[in-house]
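The structure appears right after this line, and notes come after that.
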Amino acid sequence: MAPHWAVWLLAARLWGLGIGAEVWWNLVPRKTVSSGELATVVRRFSQTGIQDFLTLTLTEPTGLLYVGAREALFAFSMEALELQGAISWEAPVEKKTECIQKGKNNQTECFNFIRFLQPYNASHLYVCGTYAFQPKCTYVNMLTFTLEHGEFEDGKGKCPYDPAKGHAGLLVDGELYSATLNNFLGTEPIILRNMGPHHSMKTEYLAFWLNEPHFVGSAYVPESVGSFTGDDDKVYFFFRERAVESDCYAEQVVARVARVCKGDMGGARTLQRKWTTFLKARLACSAPNWQLYFNQLQAMHTLQDTSWHNTTFFGVFQAQWGDMYLSAICEYQLEEIQRVFEGPYKEYHEEAQKWDRYTDPVPSPRPGSCINNWHRRHGYTSSLELPDNILNFVKKHPLMEEQVGPRWSRPLLVKKGTNFTHLVADRVTGLDGATYTVLFIGTGDGWLLKAVSLGPWVHLIEELQLFDQEPMRSLVLSQSKKLLFAGSRSQLVQLPVADCMKYRSCADCVLARDPYCAWSVNTSRCVAVGGHSGSLLIQHVMTSDTSGICNLRGSKKVRPTPKNITVVAGTDLVLPCHLSSNLAHARWTFGGRDLPAEQPGSFLYDARLQALVVMAAQPRHAGAYHCFSEEQGARLAAEGYLVAVVAGPSVTLEARAPLENLGLVWLAVVALGAVCLVLLLLVLSLRRRLREELEKGAKATERTLVYPLELPKEPTSPPFRPCPEPDEKLWDPVGYYYSDGSLKIVPGHARCQPGGGPPSPPPGIPGQPLPSPTRLHLGGGRNSNANGYVRLQLGGEDRGGLGHPLPELADELRRKLQQRQPLPDSNPEESSV
């Protein structure tokens, strides 16, 4: 999330310059359509175990869509998205094992990802996959939709090893032009031409030719058609790379456009089987006055026209401004790219160790140019006949001095907090006869933005949620069917370019400014322009103020049925108003009169909730409330309420539409009741157990110091002798008597019998442990506590404890024990039972 200071600082700069930044900066889509609302419009395909719908190819004549995914190929009918065929093309287990042994990931990398899929001729497709980091290519029979038998071709230079790396390619007259990374490590970039009648051609492996590029797109432009100079067709490649010419930022990444000529044959001695027409220039997507620069090129779309002169390119860019992430769309004209490639070159100066403009005379024929009529008149019919000095110049000067600037000298659209990933464009003729360009932009969180280009600015028609938090991985448009196809990691989606039926009123249809839609006066519906007569349709794409347009045509106004609401006096009443557009504002009426935006102590409009709050409703607040969605001078009825106020206790209510899923509410109530019952039973059980424990404790207390020990009568034991331990420690008598004269005896500290054998059972002495094979545990007996202490009453008349007087023995015990000291680890408990 960008800090507030960054957003406000940038907004202040835009406002201060006052150059109309509101027409391209962070525009708000007029409508937001969730995936649930698209359920009746879109078609979806997914299959267990199939992932990464990366490559989409349309064949308009056959009406088929070919899809390349991870280790699978599919053929669909475009209109119904019905599966026509499927091919499983998995990398063998041994290839995957080798991939894992080389340190690659067995979950995301060691598979066969389809990266190239295009028609080779009328009967076959040419397909290439990463094949677990050992790229392979083969042919697909379009009639049977099966892989051709035989050995797979080596895909090196045609397809990347790594599925995450950029790739661009296209087939032109049976020849494959590809831009990829040519080795396992991804350190050797290459722009390659192979297959077809000519021998293969590739770029020089030099940093100032290609420096860590990430390829995003390619385009074929037939510039020889209708050329007065006899020019050649060209193939353009779009990528981003680390700039070698930057003085201050050695690690700066810039966007590039490069081009080669279709008829390039390489040089005879210099640049043998290397491009002699390879030139590149920087693509600028910036607004210098706003200090916005976009260099991270993500995707490029080529919009062809009936004439190649009108070819337009749309680039998708990303940038970071402070902690704020931005995305932008820039438009480029082919003639601007041609102008830059005909301009001055850059040159590296060894002395200054930097790149600068080449100022010396340019040799003739012009280095890097295609073979044209001028070359033929001067005896150069092929690049093989070009002089070495021309080829050496091209080899050292592939970079142009000037950069290709965007149309309108700034981006068409900039959005903050959004990552644009893909773009396709379409040209549409409106009812006014003008041609409009409609852009469809995919995002990193699964949304599709639809915008119409209106000269130097755009209007965001809507945003559609195609996927749930999944990046859009591919996007194509069928010009003939007017259908869009988008792929993500888990599914494929088909949807029409426009859903005109969702506009329910004339004003809503016209305010959408969608070139595909118009309001039909005869049917009172918003319909697609293509299938209706223009004389009965209303459409205004360029007009921003549509007030009165629908009224003049006599269109019917649709008013929603009011909801009856009864509230208690003193209640804060919330009346929601669902606006038809994100660009609209709510206007409320009460009793037919307009309500102010805020009336302290009575009415308050909450923009966050999009609701009118009636504070402490009183009988004077009863009546009819109507909410209108007001946009560009047009008023659309949105909600209506009939409120009645009755006397009673004060509670807070919110007006809501009738619950559609009442069964779910009752189910939740029953579940909550069951949980409460279980908790109640648990509390009662714990309470019963606690009562039992307390009763046991009370009974034990009543038995304290009441019953003497009944010990068996045995013969008198011999007199006690101390144990023959030299380190015996005497006990301190202090702490072994109670305040009432009672003696504490610790079991286990008795005197030892002479001889080494087990002692004979002693006679019954009050307080002495009972005889046992080892030692008697007194913890559970009466007159003893948990530590086994026995309390002896040595004073008074009952000192004998067994009914016969033992004064001599008692005195002897008291005298002996007073001479002993407590053991170091002893800590006898003072309590007794």
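Please read every residue number as a count from 1 along the shown chain.
Cβ from N, Cα, C; glycine included.
Long-range C-beta contacts of CYS99 (disulfide bond), restricted to its own chain and to partners at least six residues apart, with a cutoff below 8 Å, comprise ALA91, ASN106, GLU109, CYS110, ALA132, PHE133, GLN134. Summarising the annotation, Swiss-Prot assigns disulfide bond to CYS99-CYS110 (among others).
Non-local contacts of CYS137 (disulfide bond) by the CB criterion (under 8 A, 6+ apart in sequence, same chain) comprise PHE116, TYR126, VAL127, CYS128, GLY129, PHE152, GLU153, ASP154, GLY155, LYS158, CYS159. Taken from Swiss-Prot, the feature disulfide bond applies to CYS128-CYS137 (among others), supported by similarity to another entry.
Non-local contacts of CYS370 (disulfide bond) by the CB criterion (under 8 A, 6+ apart in sequence, same chain) comprise ASP231, ASP232, LYS234, CYS261, GLY263, ASP264, THR277. For CYS261-CYS370 (among others), the entry in Swiss-Prot reads disulfide bond, with the evidence type similarity to another entry.
Look at Swiss-Prot and you will find CYS285-CYS330 (among others) tagged as disulfide bond, backed by similarity to another entry. Secondary structure at CYS330 (disulfide bond), taken from DSSP and collapsed to helix, strand or coil, is strand. With a cut-off of 8 Å between CB atoms and residues at least 6 apart in sequence, the same chain places LEU283, CYS285, PHE294, PHE314, GLY315, PHE317, PRO406, ARG407, PRO411, LEU412 near CYS330 (disulfide bond), listed in sequence order.
Shown in sequence order, ALA498, CYS500, TYR503, CYS509, CYS526, VAL527, ALA528, VAL529, GLN539 are the residues of the chain, 6+ apart in sequence, with a C-beta less than 8 angstroms from the C-beta of CYS517 (disulfide bond). What Swiss-Prot lists as disulfide bond is CYS500-CYS517 (among others), and the listing cites similarity to another entry.
For CYS509-CYS526 (among others), the entry in Swiss-Prot reads disulfide bond.
Residues or ranges marked as domain 'Sema' in Swiss-Prot (evidence: sequence analysis): 30-497.
Taken from Swiss-Prot, the feature N-linked glycosylation site covers ASN106 (among others), and the record attributes it to sequence analysis. The number of other CB atoms found within 10 A of the CB of ASN106 (N-linked glycosylation site), across every protein chain shown, is 12.
There are 11 other Cβ atoms within 10 Å of the Cβ belonging to ASN121 (N-linked glycosylation site). If you look up Swiss-Prot, you'll see ASN121 (among others) marked as N-linked glycosylation site, on the strength of sequence analysis.
Listed in sequence order, LEU334 are the same-chain residues six or more apart from ASN310 (N-linked glycosylation site) with CB atoms under 8 A from its CB. DSSP gives ASN310 (N-linked glycosylation site) a helix state. Among the features that Swiss-Prot reports, N-linked glycosylation site is placed at ASN310 (among others).
Classification of ASN419 (N-linked glycosylation site) by DSSP places it in coil, neither helical nor stranded. Residues or ranges marked as N-linked glycosylation site in Swiss-Prot: ASN419 (among others).
Residues or ranges marked as N-linked glycosylation site in Swiss-Prot (evidence: sequence analysis): ASN522 (among others). Secondary structure at ASN522 (N-linked glycosylation site), taken from DSSP and collapsed to helix, strand or coil, is coil.
Annotation comment: Swiss-Prot describes ASN564 (among others) as N-linked glycosylation site. DSSP assigns ASN564 (N-linked glycosylation site) to a strand in the three-state reduction.
Positions annotated as region 'Dominant negative effect on myogenic differentiation' by Swiss-Prot: 46-489.
Summarising the annotation, Swiss-Prot assigns region 'Disordered' to 748-807 (among others).
Swiss-Prot lists 814-833 (among others) with the feature region 'Disordered'.
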Cα-to-Cα gap, ASN522 (N-linked glycosylation site) vs ASN564 (N-linked glycosylation site), nearest whole Å: 34
Disulfide-bonded residues: CYS110, CYS128, CYS261, CYS285, CYS500 - member with fewest neighbouring CB atoms within 10 Å: CYS500
Cβ packing number for CYS509 (disulfide bond), 10 Å threshold: 27
Inter-residue Cα distance where the pair is ASN419 (N-linked glycosylation site) and ASN564 (N-linked glycosylation site), in Å: 45
Between ASN121 (N-linked glycosylation site) and ASN419 (N-linked glycosylation site), the C-alpha gap once rounded to whole angstrom: 37
Three-class DSSP secondary structure - CYS370 (disulfide bond): coil
Other CB atoms, at most 10 A from the CB of ASN419 (N-linked glycosylation site): 17
Other CB atoms within 10 A, centred on ASN564 (N-linked glycosylation site): 10
Among ASN522, CYS526 [recorded positions], residue with fewest other Cβ within 10 Å: ASN522
